[in-house]
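Chemist: The structure is given below, and queries will be raised subsequently.
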Amino acid sequence: MLWQALRRFGQKLVRRRLLELGMGETRLARCLSTLDLVALGVGSTLGAGVYVLAGEVAKEKAGPSIVICFLVAALSSVLAGLCYAEFGARVPGSGSAYLYSYVTVGELWAFTTGWNLILSYVIGTASVARAWSSAFDNLIGNHISQTLKGTILLNMPHVLAEYPDFFALALVLLLTGLLVLGANESGLVTKVFTGMNLLVLGFVIISGFIKGELRNWKLTKEDYCLTMSESNGTCSLDSMGSGGFMPFGLEGILRGAATCFYAFVGFDCIATTGEEAQNPQRSIPMGIVISLSICFLAYFGVSSALTLMMPYYKLQPESPLPEAFTYVGWEPARYLVAIGSLCALSTSLLGSMFPMPRVIYAMAEDGLLFRVLARVHNGTHTPIVATVVSGVIAAFMAFLFELTDLVDLMSIGTLLAYSLVSICVLILRYQPDQEMKNGEEEVELQEERTLEAEKLTVQALFCQVDSIPTLLSGRIVYVCSSLLAVLLTVLCLVLTWWTTPLHSGDPVWVTVVVLILGLILGISGVIWRQPQNRTPLHFKVPVVPLLPLVSIFVNVYLMMQMTADTWARFGVWMLIGFAIYFGYGIQHSVEEVKNHQTLPKTRPQTIDLDLTTSCVHSI
């Protein structure tokens, strides 16, 4: 009795949502074109990173070799982007990595992914709103901050911000109202701001190459000491590296690349528009690939221009581009760049807010969150309750919190989502086509009979018995992918915590790494020998299983770099989420409701959506 109860409980945690023909139908308005998705991806990705991150990484971690940092980070992001693109073509639904996890690895992992995506978007929205407020305040001479500091102070350091940001609060609430009006209206604003941002960045790149000097990529310690003597400072080699193009060496490039990786976070918001894109199978993969390419070219060009215009050790991390134009004597250009930064932060803010309610909507639609959050406005066809609730929470956090200590927490959620999407692509590529036509019980019975007919042999592991996937080959890949995820996590843990003995050639730890790599290669070989699903898609990840595995390794390795405090905060957030899931979601899940319903066997089982409201509207 106890064993059966535990077995049923375990089945609830790993139950998966089947890919159904009805998943292409939606209650949201299909009004977003490929251009809209590219503008959304570029706007949400090409935000604070290009105006703030470039100066910080160049000065403190990489110097002129920041251009290589962005190249490495772009390659890492492309791996995740390719996986997102295939799933966007295969599963055209709203919810991004949440939905991808649901149809592949099960309900508990799907809830975990969705819950962390909500965390990432809320923190991202609040922090960008504070950055927008600070940039605007700096443009007008810091009058807002000086006034608030003189009247209202929050005396809780490391917990709350120094002062409440009324401007950031109003900004988030204003954009929340814009999103409530409809995706098409907010898409128009996104395209305008993104266009202005690209024009300003184009001006920065061209001006930088005109006014830049190649000698700034060949600086020596003597140049740095001369600058320090002019400012009565101390000449210290540690503070500027060893000079040249790579002043901080290979270690600096890798550390800088890890930071620059987060500058590409944001393209995943494209994947949440599956129910609002006019042609999701084509638009989503194209939007992701094109937006990542544009962002890389912009980051590469701006970082090159920035480090050519002035010595990297003179950069101001808070406002590197305006200060660079002041340094070369182009003072009026400072204000043009400041306006561009406001446009960039505006699109980045909207890009963070856009997917937030749609992930909540998708989870509520599936019953994992409260059903009221899935309510859609009849006039604008937008998830109005989810939009308002998420906007109010983000506005409250922007009002009270500085959020600098929560950036790593946001990154954990994003990297976890990236890793799960890569696992999902790997698993689903090798699964047989399944359609739920005669009820879930009949499908499960058919699967059990098929598995009994198939036998697990050595030949099934290393030789293709069939040219198309079977239930047995699909199960083999599922188990092997789970083992690979565990092994890659252990490998990243060893490489992070036992770096010194590995560098010194300790035979014990070197043997451990070699054994883990051998197991990874062997299990990967088993997956490689299984037949792949041949369903025609507009886009598929090339070189499977290699690229998804590399993506998983990179993401997990970056997660291992987080501090203990960050993991503690992450644990608190997950406790809140699990309380909601086990207290409400597991009993009200759509899949749970299906299991308790008695449906006629002749009736197709699909998602009940109001198709009369899935119309395309424009302005």
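In case you wondered, yes, glycine gets a Cβ from its N, Cα and C as well.
Swiss-Prot feature annotations, pasted as is:
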CARBOHYD  ASN232  N-linked glycosylation site
MOD_RES   THR606  phosphothreonine
MOD_RES   SER618  phosphoserine
TOPO_DOM  1-36  topological domain 'Cytoplasmic'
TOPO_DOM  58-61  topological domain 'Extracellular'
TOPO_DOM  83-107  topological domain 'Cytoplasmic'
TOPO_DOM  129-162  topological domain 'Extracellular'
TOPO_DOM  184-191  topological domain 'Cytoplasmic'
TOPO_DOM  213-244  topological domain 'Extracellular'
TOPO_DOM  266-285  topological domain 'Cytoplasmic'
TOPO_DOM  307-335  topological domain 'Extracellular'
TOPO_DOM  357-382  topological domain 'Cytoplasmic'
TOPO_DOM  428-475  topological domain 'Cytoplasmic'
TOPO_DOM  497-507  topological domain 'Extracellular'
TOPO_DOM  529-540  topological domain 'Cytoplasmic'
TOPO_DOM  562-569  topological domain 'Extracellular'
TOPO_DOM  591-619  topological domain 'Cytoplasmic'
TRANSMEM  37-57  transmembrane segment
TRANSMEM  62-82  transmembrane segment
TRANSMEM  108-128  transmembrane segment
TRANSMEM  163-183  transmembrane segment
TRANSMEM  192-212  transmembrane segment
TRANSMEM  245-265  transmembrane segment
TRANSMEM  286-306  transmembrane segment
TRANSMEM  383-403  transmembrane segment
TRANSMEM  407-427  transmembrane segment
TRANSMEM  476-496  transmembrane segment
TRANSMEM  508-528  transmembrane segment
TRANSMEM  541-561  transmembrane segment
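Where in this structure would I find these features, and how exposed are they?
Modeler: Looking at the topological domain 'Cytoplasmic' (1-36) alone, the prediction's average pLDDT is 71.
Shown for the topological domain 'Extracellular' (58-61): DSSP residue counts in helix, strand and coil, namely 4 helix, 0 strand, 0 coil.
DSSP places the residues of the topological domain 'Extracellular' (129-162) in helix, strand and coil in these numbers: 20 helix, 0 strand, 14 coil.
In the topological domain 'Extracellular' (307-335), helix, strand and coil residues by DSSP number 19 helix, 0 strand, 10 coil.
Each residue of the topological domain 'Cytoplasmic' (357-382) gets a DSSP state, and the totals for helix, strand and coil are 13 helix, 0 strand, 13 coil.
Using a Cβ-Cβ cut-off under 8 Å and counting only residues 6 or more beyond its ends in the same chain, the topological domain 'Extracellular' (497-507) has close neighbours at 513.
Secondary structure of the topological domain 'Cytoplasmic' (529-540) per DSSP (helix as H, G, I; strand as E, B; remaining residues coil): 0 helix, 0 strand, 12 coil.
Across the topological domain 'Extracellular' (562-569), DSSP helix (H, G, I), strand (E, B) and coil residues number 6 helix, 0 strand, 2 coil.
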Chemist: Any contact between the transmembrane segment (476-496) and the transmembrane segment (62-82)? By contact I mean 3+ C-beta pairs closer than 8 Å, pairs at least 6 apart along the chain.
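Modeler: When sequence-distant Cβ pairs are counted, the transmembrane segment (62-82) does not touch the transmembrane segment (476-496), since fewer than 3 lie under 8 Å.
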Chemist: For the transmembrane segment (245-265) against the transmembrane segment (62-82), do we get 3 or more Cβ-Cβ pairs below 8 Å once near-sequence pairs (under 6 apart) are dropped?
Modeler: yes
Chemist: Using a threshold of three or more Cβ pairs below 8 Å, and leaving out pairs closer than 6 in sequence, do the transmembrane segment (383-403) and the transmembrane segment (163-183) count as in contact?
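Modeler: Yes, the transmembrane segment (163-183) and the transmembrane segment (383-403) are in contact.
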Chemist: Could you pull out which residues elsewhere in the chain have a CB under 8 Å from any CB of the transmembrane segment (62-82), counting only those six or more residues past its ends?
Modeler: 54, 216-217, 240-241, 244-248, 252-261, 263-265, 267-268, 288-289, 292, 295-296, 299-300, 303-304, 307, 312, 418, 421-422, 541-542, 547-548, 550-551, 554-555
Chemist: Where among 108-128, 286-306, 407-427, 508-528 do we find the most Cβ pairs under 8 Å to the transmembrane segment (37-57)?
Modeler: 286-306
Chemist: Short question: which residues 6 or more past the ends of the transmembrane segment (508-528) have a Cβ under 8 Å from it?
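Modeler: For the transmembrane segment (508-528), the far contacts come to 426, 430, 461-462, 476-477, 480-481, 483-484, 487-488, 490-491, 494-495, 498, 501-502, 545-546, 549.
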Chemist: Can you break down the topological domain 'Cytoplasmic' (266-285) into helix, strand and coil residue counts using DSSP?
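Modeler: Computed counts for the topological domain 'Cytoplasmic' (266-285) are 13 helix, 1 strand, 6 coil.
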Chemist: For the topological domain 'Extracellular' (497-507), give the DSSP counts of helix residues, strand residues and coil residues.
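Modeler: Breakdown, helix to coil: 7 helix, 0 strand, 4 coil.
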Chemist: Six or more residues beyond either end and a Cβ under 8 Å away: which residues meet both conditions relative to the transmembrane segment (286-306)?
Modeler: 34, 37-38, 40-42, 45-46, 49-50, 54-55, 58, 66-67, 70-71, 74, 77-78, 81-82, 84-85, 88, 198, 201, 204-205, 207-209, 212, 260, 263-264, 267, 270-271, 315, 320-321, 324, 539
